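This report concerns only the one structure given below.
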Amino acid sequence: MKLRKAWLLVLLLALTQLLAAASAEDAHEDASDSENPIEDDDDEEEDEEDEDDLEVKEENGVWVLNDENFDNFVADKDTVLLEFYAPWCGHCKQFAPEYEKIASTLKDNDPPIAVAKIDATSASMLASKFDVSGYPTIKILKKGQAVDYDGSRTQEEIVAKVREVSQPDWTPPPEVTLTLTKENFDDVVNNADIILVEFYAPWCGHCKKLAPEYEKAAKELSKRSPPIPLAKVDATEQTDLAKRFDVSGYPTLKIFRKGRPFDYNGPREKYGIVDYMVEQSGPPSKEILTLKQVQEFLKDGDDVVILGVFQGVGDPGYLQYQDAANTLREDYKFHHTFSTEIAKFLKVSLGKLVLMQPEKFQSKYEPRMHVMDVQGSTEASAIKDYVVKHALPLVGHRKTSNDAKRYSKRPLVVVYYSVDFSFDYRTATQFWRNKVLEVAKDFPEYTFAIADEEDYATEVKDLGLSESGEDVNAAILDESGKKFAMEPEEFDSDALQEFVMAFKKGKLKPVIKSQPVPKNNKGPVRVVVGKTFDAIVMDPKKDVLIEFYAPWCGHCKQLEPVYTSLGKKYKGQKDLVIAKMDATANDITNDRYKVEGFPTIYFAPSGDKKNPIKFEGGNRDLEHLSKFIDEHATKRSRTKEEL
């Protein structure tokens, strides 16, 4: 009996273990089975995320596109109106209500036409693809091909243009810009009174940016009477033409007059090109018919009188004079005469170039006129050099209107006071100018000028002279961009003479506009101020990437996080500095670092600070800025992998 109970107990234990094992296996199978739903949930979430990226939202009737959903959205649409905008752009905000009205109108079109907007600051791929360089930029997409819209930003005009493009039989108008090759170049250029030619490379970013503006200008100028043609040359294919005209960069633009080339120095957008070429199409020199005109120039003029005296339009010297005038027409007013009466008054024979200063700028220390013999064999470049050399009086009047064209040469000695050549104040103005003349005659290597203290109030303030208490102040601006102020004292010729001599001997300390030097400057991006520019940027032992910015600049604000990331990326390199400078609050103490817009970025290589490399053409993102640094960094700052 006991034995039977024992066996029953053993059997019961065995069954219990079997049941436990089976239960564990079922649990394991359940767990295994349950893994698939979890994975499926993950896949579903990923699919949902992908769908979210591709989802197109609508805001007030306008579709919102980005880099991810753009292609899917436009794939099945014949016509789409696109606006590229920036969230901070004032013009974009102003245009938004009008754009929503356009969307509403085109939605009711038969068939409906989609209207979309793209934040170009975040959709960088699309902005690059469509060459967006300003905001807002409007384009019409026709069967996947972008059509530039350059009309007014009004509902009426935009809707009309979109409906025109949406027609089934619409095709893009033929290109107005002429395409030149070695086969047709000379024939076209030699027969044109004036023509603008662009030498470009298909891969060049600046050329791509210029292309739509250039074509718009070509269309506008083709409507003139007579029309002014614009042409282009692919310099990578037409290498002989590129070599013939010394094309070394892209795009290179040249003006041709009956085959003679002249540099194009104008703007690179539609209206700038149009205005510049219209001005260039006129005669470079104006004919003077009477002696009275010459006398009025001398009595009441405000600038150098440039007068060519010739026998007639067939005079070979006259043709050379015209060529020279064309090269300088933006900076000077040229005149010519065929009058023997005027020649007699000037006491010169025919075939002469005469330069004279108005009476108010004449002095006993300089000749009344400069005369050059001009014949058919005289080079236009020689005439040009002569004009530039003798265009300024010994002490001229520096004004905001002539500063860039007349007084860019350094060193420049400037005397500031109340300059007024009107009848009532001319005597006082000339009194101080005569004091300056007495010094200027002894320093022919320097340029001297007087300037009205009100016109240059900001400059006077930056020099620390606005509170000097003196009626007359003086300063010297040197070749490197440094400024030197004369200590406030009673002004006379002796004081000015002493000041200029001290500058010549290198005994003066420059005045530098500068924010306070940062106490803690160990961040990834070094802060440069006027007083530290030389110490940081011009350090000969270090490569420096310097960004010049303005606090109010939208593009600068957009760049800031990217630039900080760049600083962090290269922070470990001891011989490379990533830096920035508020160019509105600090002096740039070296004129090789020219800033004409914001942001401006330069790479200052170690050992060659006088030849900084400007960042141009690429996107201002981490990838392109890093590539720029790596391309130009010296061995000192290259990474170990590169070495």
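Glycine is treated like the rest: Cβ placed from N, Cα and C.
Residues or ranges marked as signal peptide by Swiss-Prot on the basis of sequence analysis: 1-20.
What Swiss-Prot records for 32-56 is compositional bias 'Acidic residues'.
Following the DSSP three-state reduction, the secondary structure of Cys89 (disulfide bond) is coil. Taking the Cβ of Cys89 (disulfide bond) as reference, residues of its chain lying under 8 Å away and at least six apart in sequence are, in sequence order, Tyr135, Pro136, Gly554. Per Swiss-Prot, the feature disulfide bond maps to Cys89-Cys92 (among others).
Annotated disulfide bond per Swiss-Prot: Cys204-Cys207 (among others), in sequence order, evidence recorded as sequence analysis.
Annotated N6-acetyllysine per Swiss-Prot: Lys364, in sequence order, evidence recorded as similarity to another entry. Sequence-distant neighbours of Lys364 (N6-acetyllysine): no residue of the same chain at least 6 apart has a C-beta under 8 Å from its C-beta.
Per Swiss-Prot, domain 'Thioredoxin 3' is recorded for 503-634, and the stated evidence type is sequence analysis.
The disulfide bond annotation in Swiss-Prot covers Cys553-Cys556 (among others), and the record cites similarity to another entry as its basis. Counting every protein chain shown, 21 other Cβ atoms lie within 10 Å of the Cβ of Cys556 (disulfide bond).
Confidence across the motif 'Prevents secretion from ER' (640-643), taken as the mean pLDDT and rounded to a whole number, stands at 40. Swiss-Prot lists 640-643 with the feature motif 'Prevents secretion from ER'.
Note on proximity: of the disulfide-bonded residues Cys92, Cys553, Cys556, the one nearest Cys204 (disulfide bond) is Cys556, by Cα distance.
Look at Cys556 (disulfide bond): DSSP puts it in a helix. Residue counts for the domain 'Thioredoxin 3' (503-634) under DSSP, helix first, then strand, then coil, are 36 helix, 24 strand, 72 coil. Sequence-distant contacts (6 or more apart, same chain, Cβ under 8 Å) of Cys92 (disulfide bond) comprise Glu83, Tyr85, Ala86, Tyr135, Pro136.
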